[in-house]
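Copied over from TrEMBL, here are the features:
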- 84-128: domain 'Homeobox' (DOMAIN)
- 86-129: DNA-binding region (DNA_BIND)
- 131-332: domain 'TLC' (DOMAIN)
- 136-154: transmembrane segment (TRANSMEM)
- 180-199: transmembrane segment (TRANSMEM)
- 264-283: transmembrane segment (TRANSMEM)
- 303-328: transmembrane segment (TRANSMEM)
- 341-363: compositional bias 'Basic and acidic residues' (COMPBIAS)
- 341-364: region 'Disordered' (REGION)
- 377-398: region 'Disordered' (REGION)
Amino acid sequence: MARSLYDWLWQHEFWLPPGITWEDMQESEDIHYPQPRDLLLSIPFALILVAIRCAFERAIALPLSSRLGVKDKQRPKAQPNPLLETFYSARCKNPQEGELLSLAKQSDLPVRKVERWFRRRRNEDRPSLSKKFCEACWRFTFYIIAFFTGLAVLHDKPWFWDHRECWTGYPQQPLLPSLFWYYMLELSFYWSLVFTLPFDVKRKDFKEQIVHHAATIFLISFSYCANYIRIGTLVLVIHDASDCFLEPTKIFNYMKWKKTCDSLFMIFSAVFLISRLVVYPYTVLYNTYYYSMEIFEPFFGYYFVNALLIILQLLHIFWSCLIIHMVYKFILQGTMEKDMRSDTEESDKDEEREKVQEKERNGIRYFSNVSSTSYIQRNGAEPLNSRAHLTNGHVKER
């Protein structure tokens, strides 16, 4: 059964244009083509990248955050409470009003204290500022290396300047060692992001990130097996270009360098919108959809790779809408709005508001008592409860 599944999966009709079979893709001493088994190397390489990342964050990024004044906010901790902790872990992290009332009765606590406990408990699970800083430093370092590696690999390649060259001689295009290692670097990095996804900073577009990583890994793997190496390298360089500006924007935001952060955000927005909404559709989508048809007729691989590329473009549009909204707010307000994907803390504003309200109530009572006492003392009168009111409005001393 496994053999039948293997034979069905690797039918040349799925992967290669009409008229080309796997026999035409046989390697020789001088000519090497992409082999599906090569993709297995990306798994150990991804684990190596995870180890490098851990060492980088501990040895470089974390000390750097301290030197640059990135300090974690002191968060009040939730008091140990087995009942509330069980509900938090097993059922819900943000209970509704009815659940809060029920938990308050069971734990013999006021509803406000139960609500405050859940708020503080949620904040304990949120990543610290130093963790965000370390993650941004690691990604910035990788994207810079990957982007300039891609430029170094592609600057002398003909398809980098003439996109029709992506299909010259396809699929019998030899695999150069530089392209192989560039592909392995990028694929291993995205596998490493999948491995660390449960531990990384979770943002509001967490589901979109999962779809993005899955589509990217499938796209890189399929393009490698079907020898779409040339078009794949263009996709990788285009994506890395804007990411090189996104991560330093986050870094300066965590450092509270407001003006530098705003300037980098505007540069990132321009690069992202141009590269993802203009360069990518023309260089990649138009290339794979139209130029490839000058060489061969449509087949399964043609439709499949275009479907993956369109999924990426839809994600580009989703993120572009968020960025355009932030730019619009920036133009109106003169300052960059907080990252809409970030999960903000609740405790500071809510608890401070409660404290202010409590102080105001206490202050009003105190002011009322002090005013009444001082008025009485100044006039030498007795308290009002020791005086009798007459119907005509006059007061008679008792």
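Using the three backbone atoms N, Cα and C, a Cβ is placed for every residue, glycine included.
TrEMBL annotations: computationally assigned, not manually curated.
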Maximum Cβ pairs under 8 Å to the transmembrane segment (180-199) - stretch from the list 136-154, 264-283, 303-328: 136-154
Secondary structure tally of the DNA-binding region (86-129) (DSSP, helix then strand then coil): 32 helix, 0 strand, 12 coil
Close approaches to the transmembrane segment (303-328) from elsewhere in its chain (Cβ under 8 angstroms; 6 or more beyond its ends): 205, 208, 211-212, 215-216, 218-219, 222-223, 226, 228, 235, 265-266, 269, 272-273, 276-277, 280-281, 284-285, 288-289, 336-337, 339-341
Residue numbers, six or more beyond the limits of the transmembrane segment (264-283), whose CB comes under 8 Å of its CB atoms: 163, 234-235, 238-239, 241-242, 245-246, 248-249, 252, 312-313, 316-317, 319-320, 323-324, 326-327, 330, 336
Mean of pLDDT values spanning the domain 'Homeobox' (84-128): 80
